[in-house]
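Some features that TrEMBL has for this protein:
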type     : residues : note
REGION   : 1-21     : region 'Disordered'
DOMAIN   : 5-217    : domain 'GH16'
ACT_SITE : E101     : active site, nucleophile
ACT_SITE : E105     : active site, proton donor
Amino acid sequence: MIASGNAQGPPSPGYSPSSRISSVTFNQGFRNLWGPQHQRVDQGSLTIWLDKTSGSGFKSLEPYQSGYFGAAMKLQPGYTAGVITSLYLSNNEDHPGNHDEIDIEFLGTTPDKPYTLQTNVYIRGTGDGNLIGREMKFHLWFDPTKDYHNYAILWTPSEIIFLVDDVPIRRYTRKSDATFPTRPMWVYGSVWDASSWATENGRYKADYSYQPFVGRYTNFKISGCTANSPASCRPPSASPSGSGSLSRQQVSAMNWVQRNYLVYDYCHDPKRDHTQTPEC
């Protein structure tokens, strides 16, 4: 289902945060984390894939306390139900059961339906291993299997902005320390089998007669404050003003995306217990 509205794509946000950040090759910023036999690096670009023996994942060389984290990605066409292709920040290896996470996840699909881009924010689990997700899901105004497009997370001390081709699609602001991730995180990416929930809540599973499921990444961009940067370190700005906050033009592009392509918002889900998500 393509939502109503302008098929040409969103109005220009008027500013490209990515243009201020130089690209790094895969090996300059990352290393393989798992599934090394399912990873290929070629001229700084990365291909990872899932088949019935394994998926693959990668991890940044350093942890960060804020910054801009992005890559151009191209997704597998056809039947990809149950498969997730991701780019995310997490400290789950440092704080198992009680971790923070900021996610861009592409939820695989059946050939008659578009991919869903799921954004999510987790804060400290809740201490009992019961993670409170803050999902907002979008369809895209283009086919993400045809070409590379740039996807990014900008995490500052005051907000998190999710960007697609430099268009902000979601802004998650720091309303309190309890609802915002503040501990250092690493950058990760992966292709893995999440059949239990990824596609229509698990209705469609991964079908390995369609393997391999391939994720392609290039034009990696990382710019920010590492975990041991001085307190004076500032992450890149989301907007031309340099003050961090989005410009009016950026907000209007974001509103256009949310009006036309937002397909799920946790704050508006009647099945959720909103006492656990006070920021709503």
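Heads up, the Cβ atoms here are built off N, Cα and C, so glycines get one too.
Under 8 Å, Cβ to Cβ, and six or more positions away along its own chain, the residue listed as 'active site, proton donor' finds I84, T85, S86, Y88, L117, Q118, T119, N120. Mean per-residue pLDDT, taken over the domain 'GH16' (5-217), amounts to 94. Taking Cβ-Cβ distances under 8 Å and a sequence gap of 6 or more within the same chain, the neighbours of the residue listed as 'active site, nucleophile' are Y88, L89, S90, N91, N92, N120, V121, Y122, P181, M185.
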